[in-house]
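Undergrad: Pasting a structure here, questions to come.
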Amino acid sequence: MPQNTLNTVILAAGKGTRMYSQMPKVLHCIGGKPMVERVIDTAAALNPQNICVVVGHGKEQVLDTVKRDAVWVEQTEQLGTGHAVKTALPHLASEGRTLVLYGDVPLIDVETLETLLEAAGNEVGLLTDVPADPAGLGRIIRDGSGSVTAIVEEKDASATQKTIREINTGILVLPNAKLENWLNSLSSNNAQGEYYLTDLIAKAVADGIKVRPVRVRASHLAAGVNNKRQLAELERIFQTEQAQELLKAGVTLRDPARFDLRGRLKHGQDVVIDVNVVIEGEVELGDNVEIGANCVIKNAKIGANSKIAPFSHLEGCEVGENNRIGPYARLRPQARLADDVHVGNFVEIKNAAIGKGTKANHLTYIGDAEVGSKTNFGAGTIIANYDGVHKHKTVIGDEVRIGSNCVLVAPVTLGNKVTTGAGSAITRNIEDNKLALARARQTVIEGWVRPEKNKQ
């Protein structure tokens, strides 16, 4: 096996007590993706021989949530980071190198890890930082020549050592040929009664192996999450970076600080996104698309020159070109809109194909339907697609005019150029060019006197 073989171990067994959550800490999300999933994806970009994830608390939840190709190893007792890596030993190559990462350090990037791996060579690589406040973190101990000799955890540090500002991020590169012996020789004789992975630095020095420190270029890249405040801080950093990338690519963000991207956005030119918009999953926006304030767009494709008015929610749908959607519109999964469609306020469309030029401007539900072109839905139109057990399909032709406050009871078919009178309940098929009325005749009662309250 070549000496440059890379194994990756991701430690994700911690409970996360300070998160005050029933969810395992590593499943809390940054940018809509669980932290541990982000770390796995970053590790995978390095093309390692394998990725080994050490889990413990909430193991079942983690395995059910994160669908990634990895070796999953359970740490039944949380006895420290050294013990966690030892748990993964049977899955690591006897030669090459092992990169140790953490499931709660979500913003570590490929560039930083490649720099660390290059610096480490076949020796030990150590990622360090000099944060504004090093409290609670392990300190880097150097000798008179500046070489790293040890890492001391804060609980075990002397008063002098606590004045050191350079800290250990926990991310290490270790030679596999030495790793097993080093791990087996670890002691838990320390303030926390745990097996510290950081003690391997002193063992490397004792064996004459050079420790190559690399300082991270930005503290947030190696920052861990221990509570909701830190989670929110990293989320905002992540979102700021996402917004800056979109701005560089030509997207207009009315306020970059009030925009969230929780997935991937593919976009054309001259796209404009107003404030408080959330993009989730896989979203594609064509040229000249405008997204109004307070919209949520999830797993959707929106064609060129379409405008999404404020407070609209689009999920799992496809919108053609030159559409006008909203305000307060909802497009649900499998809504498929052709070009030049208008969907107005308080209109909901689900699992329906809408033809070119069709309009539903207000207060309408269209579900499980196939609608032709240039059809108009009057206000208050409802497609009653559910009989309490099964969903049924409605077919509506071209240039149909549906009067206000109509109910179309599925399964039902309306031919081309059909007109329905306002207030009709349509339960039977209607042929082309027909007018259908299905409502009670109006009755006017002569001489009727409205009751009045007794004023006494």
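Cβ coordinates are placed from backbone N, Cα and C, and glycine is handled just like the others.
The structure displayed is predicted, hence computed values, not measured ones.
Look at Swiss-Prot and you will find H362 tagged as active site, proton acceptor, backed by sequence analysis. Swiss-Prot lists 11-14, K25, Q75, 80-81, 102-104, G138, E153, N168, N226, R332, K350, Y365, N376 with the feature UDP-N-acetyl-alpha-D-glucosamine binding site, giving sequence analysis as the kind of evidence. Annotation source Swiss-Prot lists Mg(2+) binding site at D104, N226. What Swiss-Prot lists as acetyl-CoA binding site is A379, N385, Y386, S404, A422, R439, and the listing cites sequence analysis. The region 'Pyrophosphorylase' feature in Swiss-Prot is assigned to 1-228. As annotated by Swiss-Prot, region 'Linker' applies to 229-249, with the evidence given as sequence analysis. Taken from Swiss-Prot, the feature region 'N-acetyltransferase' applies to 250-456.
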Undergrad: Ranking the recorded positions L11, R332, H362, Y386, A422 by other Cβ atoms within 10 Å, which is at the bottom?
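TA: It is Y386 that, of the recorded positions L11, R332, H362, Y386, A422, has the fewest other Cβ atoms within 10 Å.
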Undergrad: Other than its close neighbours in sequence, what residues sit by the region 'Linker' (229-249), given a CB gap under 8 Å and a spacing of at least six beyond its ends?
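TA: The answer is 19, 28, 30-31, 106-107, 220, 223, 256-257, 259-261, 265, 267.
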Undergrad: From the Cα of D104 (Mg(2+) binding site) across to the Cα of A379 (acetyl-CoA binding site), what is the distance in angstrom?
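TA: On Cα coordinates alone, these residues lie 51 Å apart.
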Undergrad: Just checking, which of G14, G80, G103 (binding-site residues) has the fewest C-beta atoms within 10 Å of its C-beta?
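TA: Per-residue Cβ counts within 10 Å for the binding-site residues G14, G80, G103 bottom out at G80.
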Undergrad: May I ask for the distance between R439 (acetyl-CoA binding site) and R332 (UDP-N-acetyl-alpha-D-glucosamine binding site), taken between their Cα atoms and rounded to an integer number of Å?
TA: 31
Undergrad: When the Cα-Cα distance from N385 (acetyl-CoA binding site) is computed for each of the recorded positions E153, R332, H362, which gives the smallest value?
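TA: Result: the closest of the recorded positions to N385 (acetyl-CoA binding site) is R332.
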Undergrad: What is the number of other Cβ atoms found within 10 Å of the Cβ of R439 (acetyl-CoA binding site)?
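TA: For R439 (acetyl-CoA binding site), the 10 Å Cβ neighbour count is 14.
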Undergrad: With the acetyl-CoA site defined by the record as A379, N385, Y386, S404, A422, R439, how many Å span the farthest pair of C-alpha atoms?
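TA: For the residues that bind acetyl-CoA, the greatest Cα distance is 22 Å.
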Undergrad: In whole Å, note down how far the CA of D104 (Mg(2+) binding site) lies from the CA of N376 (UDP-N-acetyl-alpha-D-glucosamine binding site).
TA: 52
Undergrad: Cα of G103 (UDP-N-acetyl-alpha-D-glucosamine binding site) to Cα of N226 (Mg(2+) binding site): how many Å, rounded?
TA: 11
Undergrad: Can you tell me which of the recorded positions G14, E153, H362 is spatially closest to D104 (Mg(2+) binding site)? Compare CA atoms only.
TA: G14
